[in-house]
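Visitor: Before anything else, here's the structure in question.
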Amino acid sequence: MTDLEIETVSRVSSNPDEVKGSSVVEEEPDSESTIKSRVSDEIDEHDSIPEQSNTEKSIEINDKNLEAEKDIESNLSLRPPEDDLDSRSIESEQTGTLSKQTTSTSEAPQDLKIWKNISNASNQNSGKLNPQLFVIEAFKHMSKAKATKRHKKLREAINNVQIELQKQPFLLPEVILEPLVMACQTNSTTLLTITLDCFAKLIDYNYFDSPTLNPSDITLMERVVNTIASCFCGESTPERVQLQIVKALLAAITSERTIIRHSFLLTAVRQTYNIFLLCKDSTTQAIAQVALLQMVDSVFQRLSTVLNHEREFSTINMNKSSSNGTPDRANSPIPSQLSENKLTLESFEHRKSFDQVREEAPLEEDSLEQQLLRDAFLLIRALCKLSIKNIPYEHEYDLKSQSMRSKLMSLHLIYHILRTYMNILSDINVKIRSPTSTPTPLIDAVKQYICLALAKNVVSHVLPVFEISCEIFWLILSELKNFFKSELEVFFTEIFFPILEMRTSSNQQKIVLLNIFHRMCEEPQTLIELYLNYDCISGNTENIYERAIVTLSRIASQSTSDPPPSFVFRDDQLVIDKPGFVYHTLNDIPQLNSSTIGSYVHSHNPPYFDYQIRLKSYRCLISTLSSLFTWCNQTFAPTVEITAKDDETESTSKGEEPQKSKSEPPSAGINSTSMDNLESSGQALATDDPSQFENLKHRKKQLQEAIQKFNYKPKEGIKILLSSHFIASKTPTDIAKFLISTEGLDKAVLGEYLGEGNDENIAIMHSFVDHMSFNDIPFVNALRSFLQKFRLPGEAQKIDRFMLKFAEKYIDDNLGVFKNADTAYILAYSIIMLNTDLHSPQVKNRMTCQDFIKNNRGVDDGANLSDSFLTEVYEEIQKNEIVLKDEQDPTSNFPEIPGTSNLSFAANISNALATVGRDLQREAYYMASNKMANKTEALFKDLIREQRERGKLSGNDIYYTARHFEHVCPMFEAVWMPILAAFSEPLQLSSDPALIQLSLDGFRLAMNVIFFFSMDLPRNAFMQTLTKFTHLNNTSELKWTNMHALKTLLEISLAHGDKLRDSWKDVLLCISQLERVQLISAGVDINSLPDVSTTKPLRKSLDKNIRQSRSGSISLKHSKSFQSASTHSTKSSSVEIVREYSSREVVMAVDMLFSNTRNLGSEGIYDFVKALIEVSWEEIECSLELSNPRLFSLQKLVEISYYNMRRIRMEWSSIWSLLGTYFTQVSCHENSIIASFALDSLRQFSMQFLEIEELSHFKFQKDFLQPFSHAMENSQDLKIKDLVLRCIDQMIKARYQNIRSGWRTIFHILAYASKIENLLVLQCAISVVSSLGHEHISCVLTQGAYIDLISCITKFAKLNGNQKFCLSCVDMLKNLEHELIKHLKHMKKESVYSKKLEEEYWLPFLLSFNEIICEASDLEVRSKALKVLFDCLYRHADDFDEEFWETVSNKALLSIFSILSITNSQRLYLAKNTEETEVWMLTTMVEALKAFIELIKNLFERLHFLLPKALNLLEKCICQENSMISKVGLSCFSQFVLKNKNQFKDVDWDEIINSINQLLQMTLPIELRDPSLYPQVNSDSSLEDVKENSFRPHEISRFNSQSVFKSKKHHLKSIVVKCTLQLLMLNCLWELFHSDNMLTNIPKRKMVKLLDILKQSWEFAESFNSDFEIRAKILSSGIVEHMPNLLSQEALCAKLYFYTAFECMSSLKSDSHDTEEYNDLMDVFQKKIYLASQLVLHGFQRVIGDNPVKGVAAFQPVIAALVSYINSLDEIQFSRGKSEFYQLLCAIVACGHIDQQLGTSLSNAFLRYAC
């Protein structure tokens, strides 16, 4: 039928023959009685659900309209469907007179006015027109009919009307209606045809549009509808009459001036529906089908028009109200009132009629909108109940049957309503109101019926039913998911997932369902919200999103037979590209008449159906990834701008007010004890905060893991649940509450845990049972319910404990049922045994009912239970085994398939033979689908009851709307592993191009999401998998799949380089293998190209800055698929594939990959370089044994260095930290080819890099040239060292002007080269240094490399064996002085000069000479350096301030003499060559000492502050064991004092005298008095005894060993050295004091201190000489040959003392003799002289007794000098000590031993006294 024919149904010609002639097929009908019974059930509500509520009482109301009212109001309380079982049928026989109707459903006058206004606005030409012409004609034909003549009343009524029509043009509708009604009560086909046609035309002209005066009466139109409907009498009704009935009813329902509602509307729809089903003519069926569609559209279009009108009207009123400042709240119900008036079952029980409710209800309850809403509700409910009619198994595939056509028609109408009028259903403000309950949205009122309709039909194996049911589900999922949150979970988990996973479901079902999943995957919003509302919500909710992806991945991974490459699908064979399998479009309802519907009977299986299903699954996965990435790139409004109103519309499923305002904090945190607290707060997650949802997901995962642990080890699982706060506390109550309310627990494990015999488990079990309720439940049902909570363990003691507690609980809940708990216990135990006996396959002789009764005799406290009760129990157990639902046989409890009932053994054999031609898969699915449907229906009932009990809105009912892209990250992390497995399978096993392309597309899309969120673990897994499938390690097995994988890998790498991170290693390793394949294809021997991925040499570790551990990668198992697949390709094709790897496209892609590194970010280029370094090192390591090692990646490193050289310094420094380290390592490689290549590449790169200007104080060049330095220091190959120097030389010559910080590295390299003992390398280094010294010194100075230059030249100046070059280096330094002066002058001009800066230049310069002086091997070089140094100091003495001179003296001068600070033994240990050290000390050091002292001596006025340092240095020299050094030191000391005696100040003299004191103390042999060095000697022994025994061996034996003796011998030698130094020092002082005017320059007070110093040495010598015991010990020790003495020191000290004292006294002559100072000094000197005279006299007397000859010879000059000094005193001085001197002279004479000189002196003295 064409669209034009459908649109003109309401205008069918009045001649029924015209329509009759268009009939297409006329079938043989069933018997009339059968059809009537079937039709009467089509809309009968009593058969909707086969159960009836036990709690609701039936309400007897005769009025059919009130029954419809009750149907609506009963649904407002959201009762489950079983509570509506007693409602009256919307289909009833219209018997009796219409006047007896007590209640009217006509519209109120005000509503009629509104509707007329609306109708007039839409149709200005509508209204009452004069129908005289066709009425007269109709009545004329009626009067001529034969039937009219047989009915007197009818004939009279017709005649009356004809007469009245002749009198007046217009008659009242009641007048015309009466004969028409009478005509319809006849059985005349002619009369019925004419009458119905007349009705239709009158309705078109709105003739019956007359409101009744009494609102309780029915309208004329309603009477007309009843009359028209009564004309249909089943299939026996003539087809012409049926067509006219359809036309008339359609005109009535679609009338724009009147509204047919409630039972009258349903009556019209019912009769049209019956005609559609029962009519034999296919054309009439088609017309009836279109009429039904237009009736439905009329109802909802009228409702839509009224809703739009009222919204506009309310908007105007709101604007007026807001302008007046007073909002209109009259129509807003008070919440407290609404809660009080909530409709309940009890209110129905006490309600007498709806009249009182109507009278008390507000006026708005009777509004037109509410009336139309009730019509819509009743219509949808009726269609839903029609769709769930059960169809016998054998008739399910007969699509032409009336029951199947009825089901399909109802489903299509439901789909049409949902699709077309979704705006009405999805509007939460469209609410059905009731005076006794809160307003209920229309969608909530019809939701339960739609769900039940889907549950019954979506499991159907009849494909048209299944597909239209899936389409309805899709509309709900896409548009109404916020209203069906809990219901959608049931559909997914109980129906759709099982269908996809079942083997018995057909491929057609799977492809239809995959189409729905594909649409779901294409909508990002739907996917995200599925994840938020199911996967992230804790509790028992299924992970819908995750399971959907896992299921799709599993289907995609299934093995199928792929079509051969030559196979091409026709359009009708490729079903995956079509929107539906049966219905290619659902924009219009398909023709369901009996002639056309047969085309759906034979479902076809297109070729390679499994393959197409697999393709569809891949498309679903790809759509999922595409949707996720699309969602990532969307822009969302800021969450903070969401208002409370937004939350109301976007965060809740039922339009309720949010439970908390935004200012209030959530009631519970994520980590609280129970997650229900968080979800029960409607506002807690209203804004879908990603972090909170991530925590929720984590929390749910924790719960699932804990449950899994419980199912494995229950006690450990309980511990985890407690620690994670899923169980509030350790109390048995809390644990039992969790166990009984949590799904997913293994019931067998739970039974074992609860049955444990310890006290804790028993307490938990008791609490577990106490949480159950058995109130008013039969005993067997209670026991069955009890045993559904867990699996009863097999141990008898455990069973006993369970039964005891059950009996106790049952008796508590049902007092009086049994006499005591023992009865319940015994009976329960008996039933358990009976259940086992009747249903265990091991039991052969089963218990009979009499046996069971006998076993239970006297169990009720001695009394018997009734036999009927026990028989009922037995039969119940026999029919229905007590078994866990999860373990129940899926074939049980379902309608038996015909021919499969329990038969005998022989009959079963016959049936087995009979199944040969049966569809066993279909039968298995039929049983499984029935189970799914029943279970789903039960879940919906429980769900609705639960919602009613806990309130309309709870935490789990809140529907969260996605607003954040951050949700995508955890979504992908939850499913990436099955997705990866699915996409890997075709690449691994398939050769089908479509599958491979889909897989690679999946990889691309997955990587988009991965890179967007920078997920490490998935990235590594996907990239490693993709690189693995390039299969480049085996060129003989390459396939086109591998080529495509490589191209995809390159595309991903080019597009997402910044995000690859560690995966760059896999990509670059693959490119390295690609280069190997290209070389092989070019003819290179494969043996000379080792594969990096397969060769595993002994790896050398990279530097830790380069190498990082890579964790989290997933290694995929190697499969033999490549080997098996390779057998299908010929050798020629393999060669062709290998050549393709060298194609221009691949080569350009690889080149672009490296050239595009300049576009990578800072982190991206860092990761790229790091990975390329690792690959390069692996290439090198795997090809060490080859003559030409692989250097591909090393070359690429140089390339990318060129590309990225111009990056900002921060990025380049990061890159070079890797490159520099790697080039440093490679340049020292043991393979010279590799090292040379690295250095040469680095040289070329350096030439480019040095072109870039470097600013001051940066060190990029220094770091860049560091690999050269490392190669010079660490390479063992002299050729590499020579290459380094040549590279440096070339860089200097070409880029010296641009070198800044690089000079430091260059000079460091050259300095190190000076240590190499190779002539060629040394000559090259010398050449470079010479060139620098003569050509580029000024450039180096300006570039800040001055110190490094000096250090370099200094090291070359110290070379051994090349005197000429070393002298030239000293000259370079000398010339550098002039350049330095110029540079400093330039700095002064540039205003960057400072004194400190100048000194920073001078000090390194001076220190370089110090280094040469101390370390140069050639004496002439050292001497020249020494001369240049001191010449420079003389020239610039005035330029240096005192502080800098201090620095110079300490670091550049005094450090030369640092060797003097160590002992001889240390010197011998430290010096490499003792002889050279001695020579250096006697030559260079002595020369340096003289130069230093000479410097201070000549510049003393400028350098007087260095006097203490100079004296300290001289002290060290004088105290050396080397006599030459000591003498030089004494000479320098003497000359220094003499030279500057006139410039010394008092403080200087203090330093000098202190120095003299220090020298005398240091050279004083105090060790002579250490008794531990010598053996004990008897004090009574004479000198002769000592001499006699001094060399006896046995006297020496007291020493412990010869080594001890040698040690003491050496110690004595040091004592002798001290004695010698003491004499030298005294002689030096003697000569110094005898110099001209020496003593006169020393202050007299200082001389007193000097005398005390001299006397200390004198007294020590005198004391030693007087100690015979010590001297004897020394002699007896054998370490000396003669008796030791210190006569020379004693005599010289005495002589020097007297000379000094008398000279000081003599110098006082010129002073004033009267001054006090003079007298004090004279007294001091005289006293000292007198005491000293006594000391010398005592010594003279001692030597006369000990050794007269030698002693007298030593003391006589001293005595003579003393007497001579006395004689030299002037008279005043002589007279002051005259008496003391006289006594001294007398004592001398008394001693005797007076020689001529002494005698002469004494004579002169006495003569002076005589005078």
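Glycine is treated like the rest: Cβ placed from N, Cα and C.
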Visitor: Quick check on the record annotations: which of S14, S314, S339, S353 is tagged phosphoserine by Swiss-Prot?
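Guide: Record annotation (Swiss-Prot, phosphoserine): S353.
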Visitor: Given 533-537, 1303-1307, 1363-1367, which one carries Swiss-Prot's motif 'HUS box' label?
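Guide: The range carrying the motif 'HUS box' annotation in Swiss-Prot is 533-537.
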Visitor: Can you dig through Swiss-Prot and tell me which residue of S332, S840 is labelled phosphoserine?
Guide: S332
Visitor: Tell me which residue from S40, S401, S729, S1111 Swiss-Prot records as phosphoserine.
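Guide: Annotation hit in Swiss-Prot: S40.
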Visitor: Look through T326, T438 and state which residue has the annotation phosphothreonine in Swiss-Prot.
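Guide: Cross-referencing T326, T438 with Swiss-Prot, phosphothreonine lands on T326.
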Visitor: Among 316-336, 1576-1596, where does Swiss-Prot put the label region 'Disordered'?
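Guide: The listed stretch tagged region 'Disordered' in Swiss-Prot is 316-336.
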Visitor: For S741 (phosphoserine), list the number of other Cβ atoms lying within 10 Å of its Cβ atom.
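Guide: I get 10 for this one.
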Visitor: Measure from the Cβ of T742 (phosphothreonine) and count the other Cβ atoms within 10 Å, all protein chains considered.
Guide: 18
Visitor: For T742 (phosphothreonine), just give me the three-state DSSP call.
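Guide: It is coil.
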Visitor: Restricting to the motif 'HUS box' (533-537), what is the model's mean pLDDT?
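Guide: Looking only at the motif 'HUS box' (533-537), pLDDT averages out to 87.
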Visitor: Which residue counts does DSSP give the motif 'HUS box' (533-537) for helix, strand and coil?
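Guide: Secondary-structure composition of the motif 'HUS box' (533-537): 3 helix, 0 strand, 2 coil.
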